[in-house]
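Peer 1: Starting off with a structure, shown below.
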Amino acid sequence: MAKRTKKVGIVGKYGTRYGASLRKMVKKIEISQHAKYTCSFCGKTKMKRKAVGIWHCGSCMKTVAGGAWTYNTTSAVTVKSAIRRLKELKDQ
């Protein structure tokens, strides 16, 4: 069978419905939510989304709460770096 979604990718299932700009937004979200992420516990690229905000590693079998569409949210990364920086200041 011929490849039908060269430009639109994963949002080809919507056809011509909902408008091009909305489909582009949804494409970005759907690509990130279906991607595999690196597990912060075992380091393998096995972290997959189970449900909204629930992520499961197929290697070490850990289940963690994360972002709705991505494993790490921007605010979580900011908080994690701030905590790490404060721990370093405390140790000095």
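Even glycines carry a Cβ here, placed using N, Cα and C.
Quantities reported herein were computed from a predicted structural model and do not represent experimental measurements.
What Swiss-Prot records for C39, C42, C57, C60 is Zn(2+) binding site, and it gives similarity to another entry as the kind of evidence. Residues annotated as zinc finger in Swiss-Prot: 39-60.
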Peer 1: Should anything in the same chain at least six residues away from the zinc finger (39-60) have a Cβ under 8 Å from its Cβ atoms, list it; otherwise answer none.
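Peer 2: Residues packing against the zinc finger (39-60) from afar: 33, 66-69, 71.
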Peer 1: List the residues in the vicinity of the Zn(2+) site, defined as same-chain residues other than C39, C42, C57, C60 with C-beta within 8 angstroms of the site's C-beta centre.
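Peer 2: Apart from the listed residues, the neighbours are S40, F41, G43, K44, K46, M47, G58, S59, M61, K62.
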Peer 1: Using DSSP and collapsing to three states, where does C57 (Zn(2+) binding site) fall: helix, strand or coil?
Peer 2: strand
Peer 1: What three-state class does DSSP give C42 (Zn(2+) binding site)?
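Peer 2: Assignment for C42 (Zn(2+) binding site) reads coil.
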Peer 1: Tally every other Cβ atom lying within 10 Å of the Cβ atom of C57 (Zn(2+) binding site).
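Peer 2: Other Cβ atoms within 10 Å of C57 (Zn(2+) binding site): 22.
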Peer 1: Specify the count of other C-beta atoms within 10 Å of the C-beta of C60 (Zn(2+) binding site).
Peer 2: 13
Peer 1: If you count other CB atoms within 10 A of each CB, which of C39, C42 wins among these binding-site residues?
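Peer 2: Top count of Cβ atoms within 10 Å goes to C39.
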